[in-house]
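Engineer: Questions regarding the structure given below will be posed in turn.
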């Protein structure tokens with residue numbers, strides 16, 4: 001029957017999702033479901049299918065309503081699995097405010113666990129020693145939080161112990177807990193204040209001030225409430241004295257409410273962004289190859305790019321190191337040295353800029369030997385460089401990726417689009433990125449094409465990148481928004497004769513927004 005087919009298809013979808021989840025994902029799902037399913041039943045869970053069956057038994061999940069599972073996959077950042085349920089990341093985000101079931105408390109704990117490093121975990125376990133079983137096995141951050149909840153030491157309305165522990169371990173963790181506490185102030189029930197009659201003009205006039213804490217407050221309602229707040233002081237002169245004190249109390253509550261909303265928004269921003277407020281921003285390597293052997297020409301103007309990159313990334317707080325004219329072997333040795341550097345542990349991010357000649361998916365060393373971009377980036381995976389695990393790693397490559405030249409297309413209505421020539425044995429930027437999270441690769445040009453460099457002013461791409469970073473970081477823009485603007489800038493440029501164009505191409509596996517803190521000093525240029 002049709003019903004049977006739908007049910008079978010639904011269970012097949014669940015099996016497909018289960019097959020693509022690893023043990024850490026299952027542990028995260030268990031944790032996020034802790035408010036919906038009993039601890040006792042969750043303890044016996046061995047696979048994602050076990051969780052799905054428990055959710056179906058409680059009627060949280062069925063063939064007609066798969067949103068909870070979509071939300072859970074979204075929360076644990078398994079965005080590629082959403083399409084198996086017919087969702088996209090954007091569709092889930094749209095529906096969360098109406099259909100979301102994971103509480104802010106549970107979200108806060110999960111995000112907290114995601115930001116607890118192994119060193120922090122050791123410190124937390126040490127501080128909580130008296131509350132933990134004496135013969136307890138090694139705990140993960142999620143297991144530790146669940147244990148505290150089981151003992152009643154951590155609840156939605158009591159995070160004091162968590163606060164005290166974070167105070168001793170990390171100010172960033174403490175801020176996450178404090179943001180959650182401040183956000184809870186938003187949960188004031190809707191209420192009406194001051195509905196009365198009074199004689200002022202001889203007529204009965206109701207005064208009504210209505211305050212609502214609906215979900216819209218995070219959108220346009222916030223702005224409307226803010227504008228009303230500004231008008232209240234002007235309005236207070238017309239209020240009869242008998243109501244003035246009551247109105248002042250309401251105004252005070254309204255101000256407190258708006259303050260809570262502001263804190264909540266900053267909390268959401270922090271949850272959705274990489275941590276970029278540590279004592280050291282990170283290292284920035286600039287490999288600038290100008291002179292080569294006999295086959296490749298001198299890259300005149302490249303030193304202008306290197307100088308501009310140094311100025312901009314120093315302004316952003318990075319420790320910049322420049323290496324000139326490196327052979328392919330020296331580049332590999334250099335990357336190995338930086339891969340093994342223990343100082344990454346106290347840094348927020350890592351940036352590597354390479355200015356050279358190149359081919360599809362590779363750059364040339366000074367010795368005119370190719371080194372693949374994937375090889376370069378793979379030095380900094382979580383396995384090879386654990387100090388940079390879960391931190392953003394940015395690579396900007398200024399090099400040709402082939403020999404083809406992009407020609408400008410002059411737009412004409414109903415123009416016939418010319419056929420594209422086939423490209424063979426090319427490596428796209430997405431293939432160059434390691435298959436794990438937290439990488440960004442900014443390429444000066446799309447695969448198979450050349451990029452352009454002015455012999456005095458530097459390259460189109462690097463100059464646009466530096467210009468847009470200086471313009472948009474002070475506005476709080478994230479790196480992907482900045483790179484979109486870089487594309488717009490470079491895409492508008494043509495050479496002196498109007499015959500050559502260029503289009504950069506970013507590829508990324510970033511899990512969160514990357515927003516550089518706004519520097520105190522003005523932009524360098």
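Even glycines carry a Cβ here, placed using N, Cα and C.
Copying in the features that TrEMBL gives for the protein in this structure:
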DOMAIN    9-87  domain 'DED'
DOMAIN    104-179  domain 'DED'
DOMAIN    280-404  domain 'Caspase family p20'
DOMAIN    429-516  domain 'Caspase family p10'
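Mind running through what each feature is packed against?
Structural biologist: Residue counts for the domain 'DED' (104-179) under DSSP (helix as H, G, I; strand as E, B; rest coil) come to 54 helix, 2 strand, 20 coil.
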Engineer: If you average pLDDT over the domain 'Caspase family p20' (280-404), what do you get?
Structural biologist: 90
Engineer: Quick one: DSSP breakdown of the domain 'DED' (9-87) into helix, strand and coil?
Structural biologist: 52 helix, 2 strand, 25 coil
